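Enquirer: Next up is a structure, given as C-alpha cells.
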Amino acid sequence: MSSSQSPSTPSASLVDSSDSKHPDDLPQIYKRRSVWTSSEDAVSSSNSPEQTTPFTVREDTNADIARELDLPDDPEPHLVRRSSAPMVDEAGTSNWQDASEPLMPTVKIEDFLYFGPNETEDILRLNEQKAFEKAEKKKRKKKKKAVMPNPPGSSMCTEQSLSDLKARFGLGAVTLRVPSPEERADSPPAGFYTLYEGFFYGCLLWLPIPRLVLEYVTSYQIALSQITMRSLRHLLGILIRSYESETEITLAHLRNFLEIRRVPKSEVDRYYISPAKGKKIIDGFPSKDEPYTDHFFFVAIEDAIHEDLLGTVLTRWGILERTLKFLEPIPDDFLSAFHALSARKCDWLKHFSRERVECALRLLHGVSCPTSSESSDHRTQFFVDMQSTKLTLREVYAKKKEDKERRLAEERRLVNTGLISPRADPEATQDGNVIPDATAPQTAPEASRDGVNPYTAGPVDAAPAEAQGAEPSAAAPEAVLALPAIDKAAGKRIRVDDVSSKKKKKKKKASGSEVEKILPIFEDRTASANLLGGCVGPLLPPPDTLLESRKYAETASHFLRAVASMNRMVHSYDSAMRSNMEVAGKLAEAESRIQAIEREKNEALSEAAAAKLEKEEVERTAHVNKENAIKMAEQNLKANSEIVRLKRMLSEARGLRDSEVARAVQTTRREVSETFIAKMKNAEHKVSLLDEVNDRFMYLSQARANAQLIEALEGGGVLESEKEQVDEWLKDFADAEVNLNRFMSELKDDLKAPAPEPAPLSPGGHRSVESLADEAGITDQAGSLLPAKDNRPSEDLD
C-alpha cells in the first residue's frame with residue numbers, strides 16, 4: 001500500500017480540510033451533511049481488503065460552493081474515511097499501519113448538499129456585501145447633464161433623427177423639415193404643421209393625422225402641438241378602440257368623453273386632456289413622460305392633414321375657447337358607445353403597441369390583419385393609402401367576388417394540369433344518368449373482359465368556354481363531372497346523411513329489374529347496337545347478325561357514351577343557366593331592394609339633415625333667447641341696483657338736508673340762548689345786588705322812621721301813643737318781609753335760564769348704513785344687523 005493511500009496520511013484525513021487556503025470562507029468538512037448511498041460494485045470492493053475506501057466529493061458540488069464563496073474551481077483532495085478517530089500519538093507513526101482495513105462498500109454522494117448555519121450566514125453576508133457595493137457604484141455614477149436647446153425655444157431635431165423617424169414609421173413620401181434656430185413651435189412657416197417626435201414614438205401617431213383628432217382640437221381653437229402626449233394618447237386610444245369594436249364615434253362623443261384644461265404653471269399656452277368624471281376609457285399611462293417639447297419639426301400640411309380640413313385646421317397656436325358644458329350636444333348612442341369602447345382592456349403600457357394600431361387600421365379599411373409570423377418591421381406605409389378612401393359595401397362584396405373567381409380559376413387550372421382531383425357537383429351526384437351505380441360492374445362483365453373499363457368517365461366542363469368567360473357569377477359551379485364508379489364503390493359503400501335516401505337505396509337494390517332500368521344504355525352494348533341499327537331502317541340487318549357485331553356494338557356503345565357526355569354537358573349547361581337566371585333574378589330583386597333602401601336612406605338622411613338644421617336653428621334661437629334673457633336679467637338687475645342706489649342717495653340727501661336744517665336751527669337756538677343767558681345772568685347778578693340795595697333802603701327807611709319818631713317826640717308826641725302806632729304798623733306789615741323774600745326768589749328763578757342741550761347727530765350725518773358699508777369695503781351685507789325688510793323705513797320717492 002502506498003503512502004498516499006495510507007489511512008494515516010495527514011493530507012487524506014478527515015480533519016485536514018480545515019487546513020485549506022481559505023480557512024475563513026470554506027467551512028470544515030464535518031459541517032457538510034450529505035446523503036451517502038452504497039454503489040453497485042460493493043461486492044467487488046469487499047473482495048479486496050487491502051484497498052482503501054475513498055469518499056470523493058463531486059466536482060460540481062465543489063464548483064457550486066466555490067462559485068458562491070468566490071473561490072477557485074479546484075476540487076478538494078480525496079478524503080479517506082476511517083472507522084474510528086486517530087490516537088493521540090499519531091503525530092509520529094501510525095498505530096494502524098499494519099492493521100487491516102475494515103470491509104466498507106464504496107459509496108457515492110447524492111446531489112443533495114446541505115450547509116451549516118455558519119456557512120449560510122457567511123454566504124448571506126457576502127451576497128449582501130456585493131449588493132451594497134453594486135449600489136454604491138451606481139450612486140457614484142455621475143448623472144448625465146441635461147442637454148438644452150441653444151438658443152432656448154429652438155428645436156433639437158436633426159436631419160438624422162428625422163431620417164430615422166421616416167425609416168421607422170414608413171414616412172418616405174412625407175416632407176419633413178428641420179426648424180431653423182429662429183423658428184419656434186408656436187408659429188410654423190406657411191404650408192407646414194408642427195409635430196413632435198414624441199407623438200410618434202410615445203403616442204403611436206400616424207400620417208395623415210386622423211380626422212377626428214384634428215376636428216377635436218380645432219373645435220377648441222387650438223393646434224395639435226399645444227396638447228400633451230397623454231392627451232394625444234387619450235384621443236388615439238379611443239379611436240383605436242372604436243376601430244376594433246366597429247363603433248362609430250363623432251366629435252360630440254369625444255367632447256363628452258373628455259375634458260380639456262390649461263396646463264398649470266405653464267409659460268406657454270399648452271393644454272392637457274383628461275377623461276370626464278366616470279367616463280375613463282384609456283388607463284395605465286406612464287407616470288412621467290420624457291421631455292418632448294424640444295424635439296419638434298415641421299411637416300408639409302398637405303401630407304399631414306386631409307384636403308377637406310386644410311382651411312379649418314389651425315397651424316399657429318391659439319387660445320382655448322370653452323363653451324358651456326350643458327350646451328354640449330349628447331349623442332343618442334353615447335352610453336352604448338362608451339360601454340363598447342371600455343369593454344376591452346385599455347391599459348396603454350400593457351395592451352397598446354404599433355402592431356395593435358396597424359391591425360385596427362386594417363380592420364377599419366377591410367384589410368386582413370397580418371399573422372404573428374410576419375415581420376413587424378414592415379411599418380405603416382400603407383396608412384397613407386388607406387386613409388384616403390374607405391371601401392363601401394358594394395366594393396367589399398365586389399372584392400370578395402373577385403377573390404372567389406381568382407380562386408376558382410386557379411383551381412380549374414390545377415385540375416386541367418392534373419395536379420389535383422376535381423370536385424363533384426352535388427346535382428350531378430344525385431343524377432343516376434351521370435354517375436353509374438355501384439352494381440353496374442356485375443351487369444356487363446363482357447366489357448371488362450374486352451379490356452375497356454365502362455365505368456371510367458373523364459371530367460366534363462359545366463359550361464362552354466364562352467359561357468365560362470362571359471360573367472363571373474355564371475361560372476359559380478366550378479365543374480360538373482362524373483367520378484369513376486369504381487372509385488366510389490370499391491371497398492366501401494356510399495354514405496348518405498338523408499334517412500329517406502338510404503331507404504330508397506335499399507329498395508332499388510332489392511329488385512334487379514329496377515337496377516337495370518336506371519343503368520345508362522351505353523353500358524349495354526347489345527342495346528346500344530340495336531338502338532343505332534334501328535335508326536337507319538330496314539337497310540341494316542339486325543346487329544347481332546352482322547359479321548362484326550362485336551365491334552359494331554362497341555362502337556355504338558362509345559358513340560352513345562359520347563351522346564351521354566353531350567347530354568350531361570347540355571344538362572349541366574342548362575342547370576347552370578337556370579341557376580344563373582335565378583341568381584340574376586335574385587340579384588335584380590336585391591338591386592331593386594338596395595335601390596329602395598338607398599332611396600329610403602337618402603330620404604332619411606335628408607330628413608335627418610333637415611332635422612339637424614332645424615335642431616341647430618332651434619338651439620341657436622334658444623341660445624340667442626337665453627343670451628337675451630340673461631342680458632335682460634342683467635340689465636334688470638343693474639336697473640334695480642341703480643334704483644336702490646338712487647333711493648339711497650335721495651334718502652341720504654334728505655337726511656343731509658334735515659341734518660343741516662336741524663344743525664342750523666340748533667346753532668341759531670344756541671346763539672339766541674347764549675345771548676339770552678348772558679342777559680339773564682346779568683339780570684340775575686343785578687337781582688343779587690338788589691338785596692344789598694334793599695337792605696340799604698331798609699336801613700334808610702328805619703333811619704327815616706327813627707327820625708320821624710324823634711321829631712314826633714320832640715314835637716310833643718306821647719311815647720305810648722307812638723308805641724301803639726308802631727305796634728299797629730308791625731301788625732299790618734308783618735308779612736312784608738316774607739313776601740319780599742318770596743318775590744325775590746321767584747324773580748331769581750324766573751330769571752335763571754337753563755343750559756342749551758344740542759341734539760346729537762349721527763357720525764355719518766344721516767347717511768344710510770349701506771353707504772357706510774360700501775365705504776368700509778363690505779361687499780356682502782347678508783347676515784348683518786340690518787333691520788328686517790318690513791321694519792325698514794320707507795324710501796319711496798315723494
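A Cβ is built for glycine as well, from the same backbone N, Cα and C atoms used for every other residue.
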Enquirer: Of 135-158, 495-518, which range does Swiss-Prot call region 'Disordered'?
Expert: 135-158
Enquirer: Going by Swiss-Prot, point out which residue in Ser180, Ser421, Ser762 is annotated as phosphoserine.
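Expert: Swiss-Prot annotates phosphoserine at Ser762; the rest carry no such entry.
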Enquirer: Labelled region 'Disordered' by Swiss-Prot, one stretch among 360-416, 417-473. Can you tell me which?
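Expert: Among 360-416, 417-473, the range Swiss-Prot annotates as region 'Disordered' is 417-473.
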